[in-house]
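Pulled from TrEMBL:
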DOMAIN    8-291  domain 'YjeF C-terminal'
BINDING   Ala43, Gly114, His165, Asp232  (6S)-NADPHX binding site
BINDING   Lys202, Gly203, Tyr204, Lys205, Thr206, Gly231  AMP binding site
Amino acid sequence: MSKKRLGLDKSLIKKLLARKKESHKGDYGHVLVLAGSKGLTGAAYLTSQAAILSGSGLVTLGIPKSLNQIMEAKLTEVMTLPLSETDAASLSVKAYAGINKFLNKIDAAAIGPGLSKNPDTKKLVKKLLTSIDKPFVLDADGIKALDGKPILLKKAKTIPILTPHPGELANLLGIQIDYIQRNRLKVAKEFVKKYRSVLVLKGYKTIVAAYNGVQYINNTGNPGMASGGAGDVLTGIIASFIGQGIEPFTAASMGVYIHGLAGDIAKKEKGETSLIASDILFALPVVFKKIVD
């Protein structure tokens, strides 16, 4: 692909998400979401539900085993995978064995929302980063687990998609947020070239940049989306798309566009002040009906 900005339109999205008359759930991907810890179960819910609402055939949530009953009650269409946990009810590095056995059943993964900053959980993320052979999205606590060492991304077996806000990227790179905000496109392009990844730099006019030089600058969304959990919804959308076989850069760009459009639809009903992540989540069916169905 040449070094240019992607022109994303509704016809492309419709083409990529169109369903054949003869199809079954296996045709639309199985996504594994590794998310949630004590006090942060909402992140697991939002990510998983966003994936299923974005067209995934199957979604499984890997969750600390003590929280499984909560998520079983909260999620109807999403399956759960109870995993080994720390004393703080976050995923333990011992969960790796159970996750590794499950990887041959999935097409994509989302790693990070609400995982916590527990040192043992960070060890798990680092171990997964170097061993998972399916496309994946790394978000929130998944990014923080790198402990300011982006060079670890070079050990990934597939092209990782990272979805940081400017603060998370600043911590990862050890630079000032102000510098990133003044040089958003430059920083994004340099990052993906150096670490062979796809970067979703969130914020006003979210930037998606790929290691091969192509970029997408989004024009959907509004300030009302600056609310806890909105990023978890985005992670679920993107994970769903890569699970459906869409290549990482296009999946990330589509995800950002649709996420913003859902936020704009939610704004029409709720306004900006009271808009919350669940409003974005439940606007997704409206977006897909308008664009695809």
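The backbone N, Cα and C atoms fix where each Cβ goes, and this holds for glycine too.
Distribution of TrEMBL features across the structure.
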| residue | record | Cβ neighbours (10 Å) |
| --- | --- | --- |
| Ala43 | (6S)-NADPHX binding site | 29 |
| Gly114 | (6S)-NADPHX binding site | 25 |
| His165 | (6S)-NADPHX binding site | 19 |
| Lys202 | AMP binding site | 25 |
| Gly203 | AMP binding site | 16 |
| Tyr204 | AMP binding site | 11 |
| Lys205 | AMP binding site | 14 |
| Thr206 | AMP binding site | 25 |
| Gly231 | AMP binding site | 25 |
| Asp232 | (6S)-NADPHX binding site | 32 |
Rounded Cα distance, in Å, between Thr206 (AMP binding site) and His165 ((6S)-NADPHX binding site) is 9
Given Asp232 ((6S)-NADPHX binding site) and Lys202 (AMP binding site), what distance in Å do their CA atoms have, once rounded to a whole number? 12
DSSP state at Asp232 ((6S)-NADPHX binding site), helix/strand/coil: helix
List nothing but the largest Cα to Cα distance in Å, as a whole number, among the residues Ala43, Gly114, His165, Asp232 that the record says bind (6S)-NADPHX. 16
Using C-alpha atoms only, work out the spacing between Lys202 (AMP binding site) and Gly114 ((6S)-NADPHX binding site) and round it to an integer in Å. 18
Taking only the binding-site residues Tyr204, Lys205, Gly231, which one has a CA atom nearest to the CA atom of Ala43 ((6S)-NADPHX binding site)? Gly231
Taking the centroid of the Cβ atoms of Ala43, Gly114, His165, Asp232 as the (6S)-NADPHX site, which other residues of that chain lie with their Cβ within 8 Å of it, listed in sequence order? Ala35, Leu40, Leu46, Thr47, Gly112, Pro113, Asp139, Ala140, Asp141, Gly228, Gly229, Gly231, Thr235
Run through Gly203, Lys205, Gly231 for me and report the binding-site residues whose CA is within 10 Å of the CA of His165 ((6S)-NADPHX binding site), in sequence order. Gly203, Gly231
Length of the line joining the Cα atoms of Gly114 ((6S)-NADPHX binding site) and Gly231 (AMP binding site), in Å: 11
Three-class DSSP assignment, Gly203 (AMP binding site), comes back as coil
